[in-house]
Amino acid sequence: MTEANNIHAVTEGPEGDDAKCSFHHRMFLEPQEEKRSMKALLVKKAKKTCSCTPAKIKDCVLGFFPILQWLPKYKIREYLLGDVMSGVIVGVLLVPQSIAYSLLAGLEPIYGLYTSFFSCIIYCIFGTSRHISVSIFGVVCLMVGQVVDREVERAGYKLEPAVLSALPGPGGHGMGTGIGNGTGNGTAPEPLCDKSCYAMAVAATLTFISGVYQVAMGFFQVGFVSVYLSDSLLSGFVTGASITVLTSQVKYLLGLDIPRSGGVGSLITTWINIFRNIHRTNVCDLITSFLCFLVLIPAKELNERFKSKLKAPIPVELFVVVAATLASHFGKLRETYGSSISGHIPTGFLPPRPPDWSLLPSVALDAIPVAIIGFAITVSLSEMFAKKHGYSVRANQEMYAIGFCNIIPSFFHCFTTSAALAKTLVKESTGCRTQMSGMVTSLVILLVLLVIAPLFYSLQKCVLAVITIVNLRGALRKFRDLPKMWHLSRVDTVIWGVTMAATALISTEIGLLVGVCFSMLCVIFRTQRPEAPLLGWVAESETYESLSAYKNLQTKPGVVVFRFEAPLYYINKECFKSSLYKQTGVNPVWVKAAKKKAEKKMLREKEAGAEDNQSSIPVDFGSDPVGFHTIVIDCCAVQFLDTAGIRTLKEVCKDYGDINVHVLLAQCNPSVRSSLLRGELFKDGEDHLLFHSVHQAVDFALGTQGHRAAKN
């Protein structure tokens, strides 16, 4: 005989009452035994965690430096060709993007190359994903640029194209040769630090504190924070930020010399400034931008369409940069037409320099959303590609890796990095096998830093803006997917739209906060008014399903089965009661009130001597006034109860008990059982019972009612 049959047997008939109570008593003792075993398990785990052995130290070191695990096992013949090919191709693509995204961050081109170089090396040492490409990411660059512009303006510098005196000239590595033009609210932190130098100090400090936050999240194992950033929220945020990025690059396409707008409503302010100065458009920059779009967009589309046939994507961006640089140099576009160019890009590396600690209070709050977005995108991409290729990654180690990719480079004139989807897809499609591919990419960038960088002196900024905008195509294409998204989930589509609009129209930081709050409110609203159907019996089985969702279901006479598909807590307790009353068609409070009113009326008529009218008054009003004698509440979807939920169940049981309707609970999980025990819901024992399945509860209700009928 099965366990279910045993339970059913001991709970049938009058002689089974004692056995039934004993069974439930034993069942409610289980949580206490579980607590004792859990306590012993926690003590044992704490002792094991606090112990220190050579084997444990070795595991700790190997876990913290994954390169020590995979490098000794590296299969040169099997892995090297794919890693070298993917590393070279990503490096070639990364060079023009690094220069372009530096403008987005409000910094000089050389700093983007530094950032890409160091991030590739450091992630190779600390990262667990074999495929993701950690380097500059457009959305993060935008967030860094907004903080840089704000602090530069606060220090008294004008928001105009930065001079290059902070960079080393052809003959040296000086950090600046003149005093900045700060005359406003503050001054630059050092007498010999001009605007470009100060902007880099702000970016480096922001990068350092962002990395500290990410490492702290890894240390305290709070990777679960990323679960609050749903796919629709992240997609909406990236799309909204991409619109802001596109807007910030339009002035370079037109050759306009207007300051970058920051803060709330910067998108609208930027477009207003663009239209106010549209008559100053540089025709040379406009034509160059148009020609670059004509080349880049079709070439990118061809790369995507034939990526399965191409062994490697065509590095069209590099070709455009080379051609545009040659045309600008030999055509003397700057001297003849006043085109804005990149300027001198030095070779080699600048001396290490610590972040400006005096700026920490100013950027500490700004670093929080930068850190969260950076680690959320990195962790999600690493898990996605690990699942695709059949290996595992450690989320907390990924946070360590991206944190150190920000902390260490912040001492070498770098800004914040993150994983980037576009470059990761290229890396995967070109044969990447291990993290060694990132090391090859850093060697390509090193070659540019040591030899080639000065050759980009005449490169027009409008070309870099075109490269930035073309790489936003993936995020902007999300608008095309809206009908499909709406068909799949309207709630997710609304979350996407709200996050996108807030990010684009207000600011990136506020947009992220609005998206998180709105998505949480959507979850709360969905649990506030959940589905609450009546259930019917599937013939020749022990299964009960929704009467509104399935046909040909049967109901048991005198028994109503009700399911509440959400946790029962303070927010939805009234919804639970109203749904139960509506589905059963009986509000016990109203029934009790009607019964009392009828009893008072009968008493008044008796007192008035109206004995002839007594036949019209029900003599036994409470015998069966509602058409059923038992309600079975299916609690399989109730994950937890709070005090308000327990109190609501007590009220429901008491109110229905007052009109001779019994309430039974079925399929409660251990957490709910423990809450019910602590809330003393079962102190009456015989009236309110708990069952493992709905079928057992219904059989018990029918058996109990039959026994009572036999007695009567």
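Each Cβ is built from the backbone N, Cα and C atoms, and glycine gets one as well.
Taken from TrEMBL, the feature transmembrane segment covers 79-104 (among others).
Under the heading transmembrane segment, TrEMBL lists 110-126 (among others).
If you look at the transmembrane segment (197-220), the same-chain residues 6 or more away from its ends with a CB under 8 A from one of its CBs are 105-108, 111, 144, 147-148, 151-152, 155, 157, 162, 166, 175-176, 180, 182, 188-190, 353, 355-357, 359-360, 363-364, 366-368, 370-371, 374-375, 396-400, 402-411, 413-416. Taken from TrEMBL, the feature transmembrane segment covers 197-220 (among others).
The annotation transmembrane segment is assigned in TrEMBL to 232-254 (among others).
What TrEMBL records for 359-379 (among others) is transmembrane segment. The list of residues near the transmembrane segment (359-379) in space but at least 6 beyond its ends in sequence, with Cβ under 8 angstroms from a Cβ of it, reads 132, 134, 137, 139-140, 143-144, 147, 151, 154, 189, 201-202, 205-206, 209-211, 213-214, 217, 223, 225-226, 229, 234, 237, 395, 398-399, 401-403, 406, 416-419, 421, 508-509, 512-513.
As annotated by TrEMBL, transmembrane segment applies to 400-422 (among others).
Counting same-chain residues at least six beyond the ends of the transmembrane segment (442-472), those with a Cβ under 8 angstroms from any Cβ of the stretch are 87-88, 91-92, 94-101, 103-104, 109-110, 113-114, 116-118, 120-121, 124, 138, 170, 242, 245-246, 249-250, 252-253, 255, 285-286, 288-289, 292-293, 296-297, 300, 317, 320-321, 324-325, 328-329, 333-334, 339-349, 422. Residues or ranges marked as transmembrane segment by TrEMBL: 442-472 (among others).
If you look up TrEMBL, you'll see 493-521 (among others) marked as transmembrane segment.
Annotation source TrEMBL lists domain 'STAS' at 549-701.
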In the same chain, who gets a Cβ under 8 Å from the transmembrane segment (400-422) while lying at least 6 residues past its ends? 64, 105, 107, 110-111, 114-116, 118-119, 122-123, 126-128, 132-138, 140-141, 143-144, 200, 203-208, 210-219, 349-350, 352-355, 370, 373-375, 377-378, 381-382, 471, 474
Any residues 6+ beyond the ends of the transmembrane segment (232-254) with a Cβ under 8 Å from its own? 103-104, 138-139, 141-143, 145, 260, 266-267, 270-271, 273-274, 278, 281-282, 285-286, 289, 340, 373, 376-377, 380, 461-462, 464-466, 468-469, 472, 475-476, 478-479, 485, 489, 492-493, 495-504, 508, 511-512, 515-516, 519
Tertiary contacts of the transmembrane segment (79-104) (same chain, 6+ residues out, Cβ under 8 Å): 110-113, 115-116, 133, 135-136, 138, 141-142, 145, 245, 248-249, 252, 312-313, 315, 317-318, 320-321, 342, 345, 423, 426-428, 430-434, 436-445, 448, 456, 459, 461, 464-465, 467-468, 471
